[in-house]
Amino acid sequence: MDGRQLTSKARFLLFLAVSGFFIAVFFNMYLANQLHDHDYGDFKVAEAFFNLGAMIAMLGGGGAAIRFLGKPMAEGKSDVIWEFVRTFTLLILLCSSFLALLIWLGSLMHWHFMEAELHPLMVMAFSIPFGALTLLLSGVLQTAKRSDLAYLPWMLLFPTLQFGFCVFLQEYLNALTEFTAVLATMSAALGVAVLQVFFVFRLRLMRVQRAPHSRQTKVWLVVALPMMFISALQIAISQVDIYMLEILGNETQVGHFAAAVTTVNFYYLLKMAVARACIPYMLEAWSLGREATVFLNRRGFQQLISFSTVLAIICIVMGEEILLLYGDGHDAAFTALMILLVGYVPFTVLGMSADWLKYVGHERFVMVSLALCILTNVCLNIVFIPAFGMNGAALATAISMVGYTIVLTLKQRQILGIYPWSESMPVSITRWLPLQRRS
């Protein structure tokens, strides 16, 4: 694959991220205008649990697929692919059942002792296996170098179906509530999972035939679990405030704050798109030496800082108008949005430090740093939310993100000898560079 093809893939992933983000934003605006603030906040809590739960239940299988299935796939051993998918599917069902049991027990105890209403996340718990299976099969498709089929269903089709089902429920059945919105999300997740299964079998990547001699569950999990923890913790960074605000703050503010988080979440999608374009080439760049490493590192940094700057300007200039699209009163979250930017901008611009460290053998450091970041966020939320409400939640996120970013940037300098912005002369080896322009 030449440089132009790789550049085209990078742009395609970014297009998917941007398109999916705007569809998700329009969906949230529609939902926020149709539901009461409290009901919308409850749905966002359930949705946050779905995203995090699917990542946890997958147990890192998607990332491990890229590590372990390349050779069997190249040799046409589709039975080995099935054994891997079968093993992780069983683990997904087991882990999903455990998460659902915890949620139901906790919710029923809360309902019994606090006389509260049943929460939508009790229903959302049943959608976790579909989301986890989709992420697992995305790893299989990415191993087959089909990034289009790996990410198109989850990043673009899922929010489109979610939005479409909710519009149908409201406009034709007049039955849109926080619970039916959860059912719409579950239906969208099921549809995407079925489509991913179709793609895998359509490409003949695996056949339903046991290969027990190839099963290495312990070896797979040793690699997969750290990847799962890192991915789950990265999602949790942006979601923990919603949970904390639900517990410690005003429930009306949960919906307003969720609008700010949804808006600024584009930074996470931007980082994900650029990283997925660069990650397959990081190990090769590292093996080629410092010049190749610096070149790829800086290319990613340039992409991230250019898009991050444009988005920050848009949020600063038009932030109140954007928040009002979610419904009357949501502009109250403008200050929270500005505070979140202070954390999200450096977290995104310097975010490839975590990817470099993860793929050169320092994934445990990244995992521990993320855990400490979330712990700091939780502790600061306990202090700030009672005093400052949703602005306190945003401040807790900003402080923890900036601290985490500084730590990983310094660690990258220690291990790789470079910062994300370090410059380098162009290298002569170009075949592996995804973002280099070819003349």
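Including glycine, each Cβ sits where the backbone N, Cα and C put it.
Database features, via TrEMBL:
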- 12-32: transmembrane segment (TRANSMEM)
- 48-69: transmembrane segment (TRANSMEM)
- 90-112: transmembrane segment (TRANSMEM)
- 118-137: transmembrane segment (TRANSMEM)
- 149-173: transmembrane segment (TRANSMEM)
- 179-199: transmembrane segment (TRANSMEM)
- 219-237: transmembrane segment (TRANSMEM)
- 257-283: transmembrane segment (TRANSMEM)
- 304-326: transmembrane segment (TRANSMEM)
- 332-353: transmembrane segment (TRANSMEM)
- 365-387: transmembrane segment (TRANSMEM)
- 393-410: transmembrane segment (TRANSMEM)
Below 8 angstroms Cβ to Cβ, which residues of this chain, lying six or more residues outside the transmembrane segment (149-173), approach it?
13, 16-17, 19-20, 23-24, 26-27, 30-31, 34, 134-135, 138-139, 141-142, 180-181, 184-185, 187-189, 191-192, 195-196, 199, 203, 269, 276
Is it the case that the transmembrane segment (365-387) and the transmembrane segment (332-353) touch, counting contact as three or more CB pairs under 8 Å in which the residues of each pair are 6 or more positions apart?
no
Decide whether the stretches the transmembrane segment (12-32) and the transmembrane segment (118-137) have at least 3 CB pairs under 8 angstroms, with pairs required to be 6 or more apart in sequence.
no
Distal contacts, the transmembrane segment (219-237) - CB-CB under 8 A, six or more residues away:
51-52, 55-56, 58-61, 63-64, 67-68, 84, 87-88, 268, 354, 358, 363-364, 366-367, 370-371, 373-374, 377, 397, 400-401, 404
Top stretch by Cβ pairs under 8 Å to the transmembrane segment (48-69) (candidates 179-199, 332-353, 393-410) is 179-199
Under 8 angstroms, Cβ to Cβ: which one of 118-137, 179-199, 257-283, 332-353 has the largest number of such pairs with the transmembrane segment (393-410)?
332-353
